[in-house]
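Quick notes on the structure that follows.
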Amino acid sequence: MAKTRIGIYGYGNLGRGVELACRQNEDLELAALFTRRDPASVQPLTAGVPVYAADDLAAHTGDVDVLVLCGGSARDLPEQTPACASLFNVVDSFDTHANIPAHFADVDVEAKAGGKVALISGGWDPGMFSLARLYATSILPEGHDYTFWGRGVSQGHSDAIRRIEGVADARQYTVPVPAALEAVRAGENPELTTRQKHTRECFVVAEEGADTAAIERAIVEMPNYFADYDTTVTFVPQEELDRDHAGIPHGGSVIRSGVTGQDGEHGHVVEYSLKLDSNPEFTGSVLAACARAVHRLSAEGQTGCKTLFDVPPAYLSPLSAEELRASML
Ligand code: NDP
């Protein structure tokens, strides 16, 4: 098969992650970038890649085999993925879990109308974590599921702190409680409350003269975001935040603890764990593998919306089926 020509729509952290992933895969070639901003203001990391205005997407359907949508899940993807799915084979990382069925339905109609394949909710959660849960629960029907996130930066929680009056900047880390993680790994099947599973660490830059006690109270009492967690707030100067908290690490563990035997006497613990230095670069790498699979599904004549559940694992790999069989031995 010739190289898969990749288009990237939306050039933020994730867009750059997909671009870097293309460099690591010889069968993928970055063909074009699309942005809603002035294309002249966007400088790709890769020299020579053309940058086009998103308004001109329809003029470039012949340049791209798979368009990877890298916009935000909250506002961009619910519009962009259905709008592009009748024109291009597409991949997105839509991560608003509760809205995945509705997003799937919107995209499916458009992809089928255009005779294209669309894979939604690639990434790691949803994405690789979803697959890990599916494999483990299919194999161990009697058991418990646990998902721990972190240590990692939560963009949504960091944004929520930045919206508090008197806050200039902030970074929030989600951290699993070690004792809870150990108990689950030991197969103890504990019942865990939200507070017992994760803590939240906040590094905050206060504006000059701001009431730091009021900011701290506003954070730890914030419903949904912090009130149900043990939260620590540390005020730091902007230079320290820029120096020590500039990265976007994340990760976590999906654990299934199950039993087999006549009376459930044998315990089994299955764990899939990620420790990511860069959330967007890892997510971009998953989307690149998904793009390869989408190109293959499309070449077979399939159409419509898919998730990672619908992709044969071998289609994610650059290796052929024969090469993969040989490597299992
Ligand atoms: P960013 O905020 O970096 O980028 C989102 C969009 O903002 C870009 O596509 C870009 O679109 C636009 N943008 C506007 N101005 C700028 C600017 N000055 N610099 C960069 N971008 C700009 O978000 P991320 O890339 O970090 O994340 C995108 C989404 O990925 C998240 O909303 C999240 O839902 C999803 N995600 C999913 C994961 C999963 O496991 N499923 C994991 C991680 C993230 P344009 O070029 O058109 O202006």
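The backbone N, Cα and C atoms fix where each Cβ goes, and this holds for glycine too.
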Self-check item: Per TrEMBL, member of HIS245, HIS250, HIS266, HIS295 binding substrate alongside TRP149, THR174, ARG200, ASN279
Solution: HIS250
Self-check item: Sparsest-packed among the binding-site residues, when each Cβ's other Cβ atoms within 10 Å are tallied, from ARG37, ARG200, HIS250
Solution: ARG37
Practice problem: Just the binding-site residues from TYR11, THR35, PHE94, ARG200, HIS250, ASN279 whose C-beta lies under 6 Å from any atom of ligand 1, please, or none if there are none. | Solution: TYR11, THR35, ASN279
Quiz prompt | Cα-Cα distance linking TRP149 (substrate binding site) and GLY71 (NADP(+) binding site), given in Å to the nearest integer | solution = 22
Quiz prompt | Densest Cβ neighbourhood among SER73, ASN279 (binding-site residues), 10 Å radius | solution = ASN279
